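What TrEMBL records for this protein:
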type	residues	note
BINDING	11, 381	Mg(2+) binding site
BINDING	18, 203, 204, 205, 206, 207, 278, 279, 280, 326, 327, 328, 329, 330	ATP binding site
BINDING	86	substrate binding site
ACT_SITE	143	active site, proton donor/acceptor
SITE	175	site 'Transition state stabilizer'
SITE	236	site 'Transition state stabilizer'
Ligand SMILES: Nc1ncnc2c1ncn2[C@@H]1O[C@H](COP(=O)(O)OP(=O)(O)O)[C@@H](O)[C@H]1O
Ligand SMILES: CC(=O)OP(=O)(O)O
Ligand SMILES: [Mg+2]
């Protein structure tokens, strides 16, 4: 074993590889970074929010090689004790994190058609890391695991039951690692302690979902069998009448594959605004008078508020509304607009508290008189992944010596 053990977490997305290195004992991050532009003409690596450095090639293997080089430069390569991978879809097979073995990789491959944008990328990262770090225990942490507590009435679609029985067509939910972390942190907020029986968490990032949590367990969530259902997202449409898609296919002659591509990559904030999927760009455009940017933001907000309201009906009592994710943590505008839509719940925003920057960390943003406590809790998926990697990795090492 090395003297200064660290944990490497890897989150391979469809166009990026995010990584972080955490101290095994304190779980504090020592190094974070992102390789962007994977499988495009120009991939680059950004370490600790520094300047981007162009990579010679742009595949996952090259990204992993560049990350390994950063570790080597800092004498950390031999310190990697465990590796944790974010895997988007675990289907009905994985109710919790698991040690990666050849069999587990095969099982993940079997469920991967359910989340093609995410899972194949995740598996590429697993393959590269297993090759580059032989002998280091590696663990898969699934977005879907936290939602395995959801009951059939919340996960079934109104389709013939045989599709569920024969093909496993049901809702699974995603962003579970984030919802799990945030629900644990929320239960520790002094203002919620002892009362956090019912939370609604809005994870608003590029992908976005809402989750209802009762006593620490997920009871409902807005994403479905794939990460396309629910909220309007950066480039994903979220809920759409299936009849509208059928009508569109007939009118335009587009195939199912074409429309899947439209729904996943050309829709959402990007499709509505015609400008960008990046909320920062849209907020700026709105401020300079762009009507379509405003329409995109208003539509995005309407869907979030409606979804939060719907999820509140799964709670015995609506104790807390928590915002997280890149947008949830940083956009005072979106939080303020969403909360205005939720007047019926007696929720009141404290505008001054809402204007505090995210560098302030976990913070309450509602007034003292608000019927529901509203807070921002910065997510930390890396820490959750590292904790699972440490726990399962340690157990596997002990088993080796048993
Ligand atoms: N200061 C900010 N104000 C408004 N939006 C922001 C800010 N910082 C980040 N965002 C938005 O957060 C989104 C990305 O969220 P993030 O959680 O990082 O996404 P991912 O799903 O890729 O992890 C983008 O739409 C981005 O514009
Ligand atoms: C599942 C999902 O939507 O993930 P992301 O937010 O990383 O796109
Ligand atoms: Mg994210």
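A Cβ is built for glycine as well, from the same backbone N, Cα and C atoms used for every other residue.
Remember, TrEMBL labels are computer predictions, not curated facts.
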Among 86, 143, 236, 278, 280, 381, the recorded positions whose C-beta sits under 6 Å from ligand 2: 143
By Cα-Cα distance, the member of recorded positions 11, 86, 175, 381 nearest residue 18 (ATP binding site): 11
Least surrounded among the binding-site residues, given as 11, 206, when other CB atoms within 10 Å are counted: 206
Where residue 175 (site 'Transition state stabilizer') sits in the secondary structure, as DSSP reduces it to three classes: coil
Candidate with the highest Cβ count within 10 Å, taken from the recorded positions 86, 175, 280: 175
Listed recorded positions with Cβ under 6 Å from ligand 1, out of 18, 143, 236, 280, 329: 280
Cα-to-Cα gap, residue 280 (ATP binding site) vs residue 11 (Mg(2+) binding site), nearest whole Å: 23
